[in-house]
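Below you'll find the structure, written out as structure tokens, and then a few comments.
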Amino acid sequence: MIIGKKLIENKQIHYIIRIEHLFLMTLVMFFVSYNFHALWLVYDFLALFSLMYVLHLFLQKKKHAFIILSCIGILFSIMFIDILIYGLHSIMILSLWDNVKHIFIIYTLFSLIKKMDISRIDDFKKILFFIITFFFYIELIWVMYEYFFTSIHFDDITGFFGFHASHSVGYFSLLYIVILLYLKRTTKLYLFFVTLMAIIINYMSENVGFYILLVFFILVYDFRFSYTLLPMVLLLLFPKVYAFADKVILSRIFSFFTDTNNYLPEEGLVGTGRMPLLQYAIDLGNVFGGGIGAFSIIYNKTGYRIDELINTQLNISTATNLISEYGFFGFVVMLFMYIYVFSIFLDNKREKVMLGLLLLMAFFYNRVLMDERIIYMLIFIVLIVKLDFRKKQV
């Protein structure tokens, strides 16, 4: 699949741009957009292009495309029920598109990579490594400058990702570490340095989720170097993770099963944790949801039931957002669809189980489907595991 005109010089054929370069340029777009989120519409155009590819496969009676579109059909059925109850609202369609569009990009990108020859894959990996390395050092300098020389809130200490994007810093850091672990042969010293710098900048932006994901990837990386890296990471992270687990996780899980209405904000509309908000989402959504798009703000459109909320932090994670709007049934369908489309391209059960755990953590911890930067970097993280150079040596 090639885009651009062929230039014939000295009987050699050169291409202006290959289609995989569009996916890489979209990744760069997220790194340079800062707070100009209107630029993210580029991602939507890429998703529309990918949708046409999936529909093309569907017309060819491909099983995978049929299953994906069948799941989307189930979500449409939930939307039709919502229309009967609440009337037709444009944000319903926008919400459905905003949550499923990543499926088409995943399927198209992974299908493309699967069909590439080794030399073309190597070129793709080299460009990806250069891009992430270049922007990692820009991010490192930028975050340290914001931390030491400005007085902005820790959620805004995010470098080139802009305001309220600390989770993006975590996934970006994880992306570079996974590249070094899986794609790029590197020295232990350099990997130690990058991991240490990543831990520092995520500490500056108070992004605890990064530490959990980092330990997860080190544990599943079945290769002797993990035995030297993991103790170092655990030693550095122990005070932070212990405090977080003791004072936050355990207390919130306990209160989830013992308190009623513990999702009510104690101080205005801030400070409510994920477990109470999950309880609130379940109360609102039940089995089939409180209305697709009802509690969201998407493409500058405000949800038609958002004024009914007593706590407006439901968008703290994809899980709370989906359960409140699509219900537990719709949430399970959505989660299954993402696990399925990734698992199509993974080789063994172990990889698929690890993927399921990774997506489950991402769905419950942050806005993985609601922030295009996060899901796109997660797509590349899984892709890197798929392109693991060790499999090419067997």
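Every residue gets a Cβ built from N, Cα and C, even glycine.
Quick look at what TrEMBL lists:
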| type | residues | note |
| --- | --- | --- |
| TRANSMEM | 15-34 | transmembrane segment |
| TRANSMEM | 40-59 | transmembrane segment |
| TRANSMEM | 66-85 | transmembrane segment |
| TRANSMEM | 91-112 | transmembrane segment |
| TRANSMEM | 124-145 | transmembrane segment |
| TRANSMEM | 165-183 | transmembrane segment |
| TRANSMEM | 190-219 | transmembrane segment |
| TRANSMEM | 225-245 | transmembrane segment |
| TRANSMEM | 280-299 | transmembrane segment |
| TRANSMEM | 326-346 | transmembrane segment |
| TRANSMEM | 353-368 | transmembrane segment |
| TRANSMEM | 374-389 | transmembrane segment |
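Taking every recorded stretch in 66-85, 280-299, 326-346, 353-368, 374-389 and counting its Cβ pairs under 8 Å to the transmembrane segment (190-219), the highest total belongs to 353-368. In this chain, the transmembrane segment (326-346) lies close to the transmembrane segment (91-112): three or more C-beta pairs between them fall below 8 angstroms, excluding pairs fewer than 6 positions apart. Contact count against the transmembrane segment (40-59) (Cβ pairs under 8 Å) is highest for 91-112, out of 66-85, 91-112, 124-145, 353-368, 374-389.
With pairs at least 6 apart in sequence, the transmembrane segment (91-112) and the transmembrane segment (280-299) have 3 or more Cβ pairs within the 8 Å limit; the two touch. When Cβ-Cβ distances under 8 Å to the transmembrane segment (91-112) are tallied for each of 15-34, 124-145, 165-183, the top count falls to 15-34.
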